[in-house]
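Report on the following structure.
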Amino acid sequence: MSTAIQPAAGPRPVSGRTTSGRAGRRNLGTTVIGVVLTAIMLFPIYWMINVSLTPTAQMRQSPPSWFPAAPTLDGYRAVIAEQLPFLGTSLLVGLGTVLVTIALSAPAAYSLAKLRPKGGGALSFVLLVAQMIPQVIMAMGFYAIYLNLGILNEWWGLVIADSTLAVPFGVLIFTAFMSGIPDELMSAAKLDGASSWRTFVSVVLPISRNSAVTVGLFAFLWAWSDFVFSSTLNSGGDAQTITLGIYRYIGNNNQEWNSIMATAVVASIPATVLLVVAQRYVAAGVTAGAVKD
Amino acid sequence: MSTHTMERREAVSPERPGVRPGLSGPIRRRLPGTGQLTAWAFLTPVVVYLAVFYVWPLVRNVDLSTHGYTVRSFIEGNAPFIGLENFSAVFASPTFGPALINTLLFTGISIAFQFSIGMALAVFFFQKFPLSSTLRALFLVPWLLPLIVSASTWSWMLNSDSGVVNSVIRTLGGDQVNWLTSPQWALASVIIANIWIGIPFNLVILYSGLQNVSGDIYEAAALDGANSWQVFWRITFPLLRPVSAITILLGLVYTLKVFDIIWIMTRGGPGDASTTFAIWSYQLGFGSTLPSFGPAAAVGNLLIIMALVCGFIYLRVQRKQDQS
């Protein structure tokens, strides 16, 4: 307990102030093991960055250099020159998916959590099952439908398809949170003459801010990372996503691995930013729906 | 942000579902004066959405699998009904056996390793040493990266001539392994990458399971002089059994679906050495210039059945746990 509170400034204060010397050394040993394990786990990410900075001439040397001794930014120049439109499309599709997901799942969750609709249990069940359907199969169905409707290669078609990844999850998260909002709060709004819609918008939604962040975060990340829907529903249009950009890169010029890895690094930025900025929401999202209290 | 606040916030996360939606939650008093009409008005968008964007694609999929579609009739929509012919063609295909075995091996081996490594790490990080929560957060990174990023990084690391893995093997005096291009190793390669991606998920869930185990039990065990090995097998592991069951079953549902990693690393090849059902279905439908949507949808429907069987077992187990 006492060691956990330490802001981890270094081994000194831990062993000196809060615990005995022996326990401190043990703690330090554990930290060292932890750092080593983390380094092993993150090695592929280090390697991605290392390769992204390696000049093309040294790409195939054996053994490969473990550090970017003569780093080049050629890879990143290629990203800026060739991949910016892809990144833009992904951003647009990601944000669109966030909007669609929250707009659909928040009202549904409010109803499931607070308004006790008949058949709500069955609907929750359908949503849970929906999460289990493999994406490849959904893609096939979407392809057949989009082809007949003539909406293949539209970015908003991709938004709709991507949102199927996040809507069931969104309803689950919102419902779990909204169930905990005291009924009195809503009764009070009702006494003040607010309609159900008004109550939802001005009472329930503001309180559910944190859940909205969690849902939005995952919706964005899933849409940003999606490859299956992009490659089936949106592979021929003008606006293609970054995952498809990387995929094309691998297929076309497989000598230029620094450009490929540089694109991969850039494509990882949203995930990294979200993890740094919203770590607690991420952990909450992973556990929610899997573990009961 | 200090390590302590991260620890705390996570422990009392407001997002943790106290009541499971609908399924098994206690029946609560309905708010006075709000009728079924209002309740369903709020649900209508999602219900319409489910019908149009889940049910319709799935129905279309069943329709594809029971009709003899060609590229032409796919567009015109006038394919003849051929019953289960697509399914029998799929069963009779020489790819069926390998695809089934690969799917089982990929899923089974991935989960065995993800779970045991995740468990070991969860217990390790639960010791709460300096930096532990920061390092644990870093462990999440592989899970959050776009799959295409992870898959292409692993592709390059496992490259036969220029990959870092073979370089290390050669330095240690071993022979070069053709990870992605030899039939013996292709499946192993995609399994390794998939294990790496799945560890964080197992770690986070098992760790949150550990947080719910009362500390008193450990204190009692320590007083009785139990060593940490005994503590794990006699106390931690049995107490984590419910969480473990959930983790493994969810893992099953997720791993059966895996497509991106395999497709980007090996495309299911060489031959069908790393072809799973998900890969096979995509290959049939989108992999060649002459798509065969009927068989592709048939394989897809088999995959749905497998996923749903695991899914229903998961829901049953979870329900039982909720009741007890």
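Cβ coordinates are placed from backbone N, Cα and C, and glycine is handled just like the others.
Keep in mind that TrEMBL annotations are predicted by a computer and have not been checked by a curator.
Here TrEMBL flags A:87-278 as domain 'ABC transmembrane type-1'.
As annotated by TrEMBL, region 'Disordered' applies to A:1-23.
The transmembrane segment annotation in TrEMBL covers A:27-49 (among others).
Residues annotated as transmembrane segment in TrEMBL: A:91-113 (among others).
The transmembrane segment annotation in TrEMBL covers A:125-149 (among others).
Same-chain neighbours of the transmembrane segment (A:155-178): 89, 92-93, 96-97, 100-102, 104-106, 108-110, 112-114, 124, 127-128, 130-131, 135, 138-139, 142, 146, 204, 208, 210-212, 214-215, 218-219, 222-223, 226, 229-230, 233-234, 237, 239, 241, 285, 288-289, counting only residues six or more beyond its ends whose CB sits under 8 Å from a CB of the stretch. Residues or ranges marked as transmembrane segment by TrEMBL: A:155-178 (among others).
Same-chain residues lying 6 or more positions outside the transmembrane segment (A:199-224) and placing a CB less than 8 Å from one of its CB atoms are 90-91, 93-98, 101-102, 105-107, 110, 114, 159, 162-163, 165-166, 169-170, 173-174, 176-178, 181, 185-186, 189-190, 242, 267, 270-271, 274, 278, 281-282, 284-285, 288. Summarising the annotation, TrEMBL assigns transmembrane segment to A:199-224 (among others).
What TrEMBL records for A:257-278 (among others) is transmembrane segment.
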Residue list, the transmembrane segment (A:125-149) vs rest of chain: Cβ under 8 Å, 6 or more residues beyond ends.
157, 161, 164-165, 167-169, 171-172, 228-229, 232-233
